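Quick look at what TrEMBL annotates:
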type	residues	note
ACT_SITE	His164	active site, proton donor/acceptor
ACT_SITE	Lys168	active site, proton donor
BINDING	His165, Gly174, Thr175	(S)-2,3,4,5-tetrahydrodipicolinate binding site
DOMAIN	5-131	domain 'Dihydrodipicolinate reductase N-terminal'
DOMAIN	135-279	domain 'Dihydrodipicolinate reductase C-terminal'
Amino acid sequence: MNNTIKLAVHGAAGRMGQRVVALASGADTVDDTSGFTVVGAIDHSSHPKIGQDAGVVAGVRSLDVPVSADWPEKAEVVIDFSLPEAFDACVARCVSAACPLVVATTGLSDQQKESLAEAAQTIPIVWAPSMSLAVNLSMRMAQQITKALRDVAGGVDIEILERHHRFKADAPSGTALKFGELIADAMNADDPVKHVHGREGHTGQRSRNEIGYHAIRVGDNPGEHTIVFGMLGEKIELNVAASNRDCYASGALAAAKWLMRGNDGGPMPAGLYNMFDVLGMADADA
Ligand SMILES: NC(=O)C1=CN([C@@H]2O[C@H](COP(=O)(O)OP(=O)(O)OC[C@H]3O[C@@H](n4cnc5c(N)ncnc54)[C@H](OP(=O)(O)O)[C@@H]3O)[C@@H](O)[C@H]2O)C=CC1
Ligand SMILES: O=C(O)C1=N[C@H](C(=O)O)C[C@H](O)C1
């Protein structure tokens, strides 16, 4: 009996979609089984790869699943790596099909984030700007460092540098924004923390309760984040870098599996989850 999880990938012909299809097809596992069967590879109707086999597009083997604008009936879980423009239809489809969803797309509007929370009242959703284990661990470390340094004599300046490939559409990265949100919480400042994007001109002295963001776009970098904790006389730099996209693809597959099997073998109930939940770090002493 085939008890693999039937997976549909939204944005299947894109950089990330292809890696999810490749790993889900078992191409890079020792025993050729990932625990998934790819049953749907969705992209927009004018994509040049429409009609081609999704496994071949991903550079692995024929899967007998064409890249298509149509949603498969039989998907048990959906992984979305697409664009904000494509997001609304994806969520609506998952809600109407009562299908669990992993959302990895970044650059969502506030309204889209609200509709995600609403959808999570009826279906289970994992939503995270980075599916990488190393990034999520680094987020916890950044919170710890912020707490340890927040009352240091002379103060600490926290700046977030992110580097990504030249094709990336949104800036700063969703991950950088999430680092900033978690760090701002950990700063526990009396005044609201200011989020400052780049600096130019006569800016005056840096204020104490701000977080700076700097988005660098270079070549084919698959994603790198550096959190600088600058003090008077010394600094800490927390650097986390992907060497390829498989950390995100395998994280998304782990999230999909967790939605279907939970922590004790049963499916997760409706709700909005993140990678801390998937990785068992939700209750970490942050
Ligand atoms: N959470 C995480 O861990 C990660 C998140 N990301 C995020 O994932 C997203 C995708 O990244 P990446 O794969 O590099 O981007 P790509 O542009 O390579 O892939 C997106 C795919 O979605 C397609 N698409 C566009 N419109 C639609 C539509 N209406 N319906 C279905 N598909 C559509 C694109 O087609 P076309 O090329 O024609 O536009 C493309 O094939 C980004 O938001 C990125 O920031 C990326 C890596 C990790
Ligand atoms: O577009 C990308 O490539 C990435 N996007 C995500 C983000 O915006 O944080 C995650 C990762 O850094 C790669």
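Here the Cβ of each residue, glycine as well, is placed from N, Cα and C on the backbone.
Feature map: TrEMBL annotations on the structure.
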residue: His164; record: active site, proton donor/acceptor; contacts (Cβ under 8 Å, 6+ apart): Ser173, Ala215, Ile216, Arg217, Val218, Asn221, Pro222, Gly223, Glu224
residue: His165; record: (S)-2,3,4,5-tetrahydrodipicolinate binding site; contacts (Cβ under 8 Å, 6+ apart): Arg217, Val218, Gly219, Asp220, Asn221, Pro222
residue: Lys168; record: active site, proton donor; contacts (Cβ under 8 Å, 6+ apart): Arg217
residue: Gly174; record: (S)-2,3,4,5-tetrahydrodipicolinate binding site; contacts (Cβ under 8 Å, 6+ apart): Thr106, Gly107, Pro129, Ser130
residue: Thr175; record: (S)-2,3,4,5-tetrahydrodipicolinate binding site; contacts (Cβ under 8 Å, 6+ apart): Thr106, Pro129, Ser130, Val135, Glu162, Gly223, His225
Item checked: Other same-chain residues whose Cβ falls within 8 Å of the Cβ centroid of His165, Gly174, Thr175, the recorded (S)-2,3,4,5-tetrahydrodipicolinate site, in sequence order -> Thr106, Pro129, Ser130, Glu162, His164, Lys168, Asp170, Ser173, Ala176, Gly223
Item checked: DSSP-derived structure type at Thr175 ((S)-2,3,4,5-tetrahydrodipicolinate binding site), helix or strand or else coil -> helix
Margin query: DSSP on the domain 'Dihydrodipicolinate reductase C-terminal' (135-279): how many residues come out helix, how many strand, how many coil?
Written below: 49 helix, 37 strand, 59 coil
Check: By DSSP, how many residues in the domain 'Dihydrodipicolinate reductase N-terminal' (5-131) are helix, how many strand, and how many coil?
Finding: 37 helix, 28 strand, 62 coil
